[in-house]
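**Student:** I am attaching a structure below and will ask some questions about it afterwards.
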Amino acid sequence: MIPLRDTEEIETVPFFTILLIVVNSLIFMYIYFTAGAMPVPEEYLASVYGQFGLVPAKILNAPLFSMSYLTFITSIFLHGSWSHLIFNMLFLWIFGNNIEDYFGHFHFLFFYLLAGVVASLVQLLTMSTSSMPVIGASGAIAGIMGAYFLLFPRSRIRTLVFFFFITVVEIPAPVYLLIWFLSQLFEGLSSFGVASGVAFFAHIGGFVFGLLYAALIGKHAGRKGRFLYSV
């Protein structure tokens, strides 16, 4: 099921959502177009992802003040293929613009980065001895989806579905997101302890974090992210 758009209107320009899409895209194109050859040599990608991706074994063996910890952030801006980038940015746009509208611009950016770090940490804990780099924005985007699940329960998602034929249907956002989460949970548990090209536990951890964040903090934010204090 591929989401096309949601039915929730926004009241502000989602500046950071747009900026994140642009930055992710530019970084991806820079890596691919400066490789010096097409297709991009695997050795080149392995070098880039090994340096800027999150490598669990490297993190757990790093000194206290190692620069390796910066990969909790840098890894969020790396993608392994055009399809990886395009689908992540599609999900970021559909769900991110509403969360930015709700939280406010800088609160949204803080939440996005924090969700990415938490998601990466969960993935690290489930594959602590792995030397395979963890890359991609999907953990941070999963956090956005978790917050969206709680904050926009009446929204609907126009979705491209593939059964015996291709059609577009509107699915209640909580139903769509629950199906997505359960699929990640099933895949994650099924592949637990096995090397996988998909960071399922980053998705799971990010979604749960977003849900909890929205429950504890999001409900106390105004529609445009202005925190409401009792006096």
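Every residue number used here counts from 1 along the chain in the order it is shown.
Cβ from N, Cα, C; glycine included.
Dumping what TrEMBL says about this protein:
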{"type": "TRANSMEM", "residues": "12-33", "note": "transmembrane segment"}
{"type": "TRANSMEM", "residues": "69-94", "note": "transmembrane segment"}
{"type": "DOMAIN", "residues": "69-218", "note": "domain 'Peptidase S54 rhomboid'"}
{"type": "TRANSMEM", "residues": "106-126", "note": "transmembrane segment"}
{"type": "TRANSMEM", "residues": "132-152", "note": "transmembrane segment"}
{"type": "TRANSMEM", "residues": "159-182", "note": "transmembrane segment"}
{"type": "TRANSMEM", "residues": "194-216", "note": "transmembrane segment"}
**Student:** Report, as numbers and ranges, every residue of the chain located at least six residues beyond the transmembrane segment (12-33) whose Cβ falls under 8 Å of a Cβ in that stretch; write 'none' if there are none.
**Tutor:** 40, 45, 48, 77-79, 82, 85, 88-89, 92-93, 96-97, 100-101, 105-106, 108-109, 112, 137, 224
**Student:** Could you put numbers on the helix, strand and coil content of the domain 'Peptidase S54 rhomboid' (69-218), residue by residue per DSSP?
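**Tutor:** Per-class counts: 103 helix, 15 strand, 32 coil.
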